[in-house]
Amino acid sequence: MPSGNQRDLYMKWCGAVKVTEENDIIQAALQEWRKGIESMLGIQVGSEANPQGLAVAFGTFQGENPLIRRVFGEETRRKVGPEGFAIRTSEDTGCIAIGAASPAGVLYGVFHLLRLIGSLKNIEGLDEVVNPVNGLRMINHWDNFDGSVERGYAGRSFFYENNQFTGELERIRDYARLMSSVGINAIAINNVNVHALETLFISKYLPEVAGIAGVFRRYGIRLFLSVNFAGPMHEGEVGTADPLDPEVRKWWQDRAAEVYAAVPDFGGFVVKADSENRPGPFTYGRDHADGANMLAEALEPFGGLVIWRCFVYNCKQDWRDRKTDRARAAYDHFKPLDGKFNDNVILQIKNGPMDFQVREPVSPLFGALERTNQVIEFQIAQEYTGQQRHVCYLVPQWKEVLDFNTYAQGEASPVKRIVDGSLWGSRHSGIAAVSNTGNDRNWTGHLLAQANLYGYGRLAWNPELTAEAIAAEWISLTFGPDPAVSGVISRILLDSWNIYESYTAPLGVGWMINPEHHYGPNVDGYEYSQWGTYHYADHKGIGVDRTVKTGTGYSAQYIGSNAERYDSVEECPDELLLFFHHVPYTHVLHSGKTVIQHIYDTHFEGAERAAELLAAWSSLKGSIREDLYIQVEERLKEQADHAKEWRDQINTYFYRKSGIGDAGQRTIY
Ligand code: BDP
């Protein structure tokens, strides 16, 4: 809670609110404002201006709020986009005004002002126009109808239990509030792996779906559903799912009409096809443009979107075949289809070519598709990054990806300009991410994993925000303004990705985890399986040869200097060396160390640094709420122990393979 002058300042402006519109979203904004101010300043917000005549006013430009009309002139209004807002401290009218073109913009503006107060920022002299950089700012749930959450580490689903909708609309409302407070405007509520009963979400269960959509709507969020490509065949309704079959097309058109009758602002379908045993157009000898366009035609009359995932690869490959490369798959499948998708299709591309590893290169599909709408897909759920038992603040990783220059149009072609639509002038674009939430009381299991959820939304809104600034906001909003607390937590968060990387799979090679559940070390767990995820370690060396001359040729999927840099064993950045090259253990890195010594050093240091995270947290005992302190302490203890296990398994494995000892003569078992 703010105190002293700061509190007086906030009290001076925030005691009264002037709102005239009855619109549901604006009324939701008003509730948020009252709640937020009450909890931060301990006062009830009235509608009469205080004795100094000051108030906060908000509304749309078209609304009849006289203060909004007076404060914002034509010039400002023109700068405000459909979901943006203008905010100004207007001494003449005696108000802090938030004006927007849409009710959702007003809501975002109110959350913005609450955030400023929550992080003790000055609110006098405000004068800015804020627009979201990305159009679609989406969350994908991998929740199943039975209540489990695929790759969920924060309890069970709050949407479903036991093949029923939970009907917990209060919890869902709180979730919608959380999400809209960081600018999320689209949520797909079911797993991309759509099971039998879930195919009925677009028919039998529409009343329940509509109930959730109604909750979301008040917070400016559109609901999406994942659909099963073979939906028409469920219970033998249609004998095929061939996208060119007229009966199949009609089936989807009828479903779309029904969905929109129940949910007029329905967002659209999310589709995982021909991937990991999911049905898809390949069964019928059709390509993915045929499949996506069929759904696009069904949704088009209603303004719906098809979000078609590019995570398409053969998960039953022969591990003996060194030429097949899973990393190539997305590009090989989708590059030839560039320009063939309808306008309301968006391809959803995972950030890397494999699967959300702690380190992998950026997917070369970014930059390769000039005439196709696309969104990037991140994973907030920490499937491969410690499963919300380890702390791993992912915002720095996401920023690296967004800042990566693809060279698609020369020097300034970073991924963030592809996903914000500006590089190719795409009609639809944006960011999606797999949720890390569940019905745990704190939403994310590990309390510190909330920073990823918060940070994802903030980054999707504005990719220019720094990882440090986002962490500082989240810490201050969560724990209050104490600079000592904030300093410690901020260091923990900002170091955590690097620490996690250092004690797990080295130099970009990935995948040294236990198969299936993906928690904990297992160096050869995937080495002789069909998933296409190998490190090729033998007694001489390690790494995947993805070069053009001797390897899989994957490096050539990049453009210009990226392709050259990755293809060259001398120029390839250390952190990705083993992703692109198979090298002897004695290969010398840019750091001056051999690969084997790098493995030993990073693993010894990584485990030590994990222990230091716990020590740093211990310094907060007494400074933050006891229950929160204990919860995180428990997980940091587990992480410190587990980091040792990682260290020992990886170091031992490579010591035994290579026969080369540690220069530091530390204990390797
Ligand atoms: C992998 C997960 C799997 C998902 C798949 C996907 O292990 O559970 O179904 O991605 O993105 O990371 O479809």
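Cβ from N, Cα, C; glycine included.
Listed in TrEMBL:
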ACT_SITE  E276  active site, proton donor
ACT_SITE  D355  active site, proton acceptor
ACT_SITE  E383  active site, proton acceptor
DOMAIN    4-113  domain 'Alpha glucuronidase N-terminal'
DOMAIN    121-443  domain 'Glycosyl hydrolase family 67 catalytic'
DOMAIN    444-665  domain 'Glycosyl hydrolase family 67 C-terminal'
E383 (active site, proton acceptor) CB neighbourhood, other CB atoms within 10 A: 23
Fewest-neighbour residue among active-site residues, criterion Cβ within 10 Å, set E276, D355: E276
Residues of the domain 'Alpha glucuronidase N-terminal' (4-113) by DSSP state, where helix covers H, G and I: 52 helix, 22 strand, 36 coil
D355 (active site, proton acceptor) and E383 (active site, proton acceptor), distance between Cα atoms, whole Å: 10
Integer Cα-Cα distance in angstrom, E276 (active site, proton donor) to D355 (active site, proton acceptor): 12
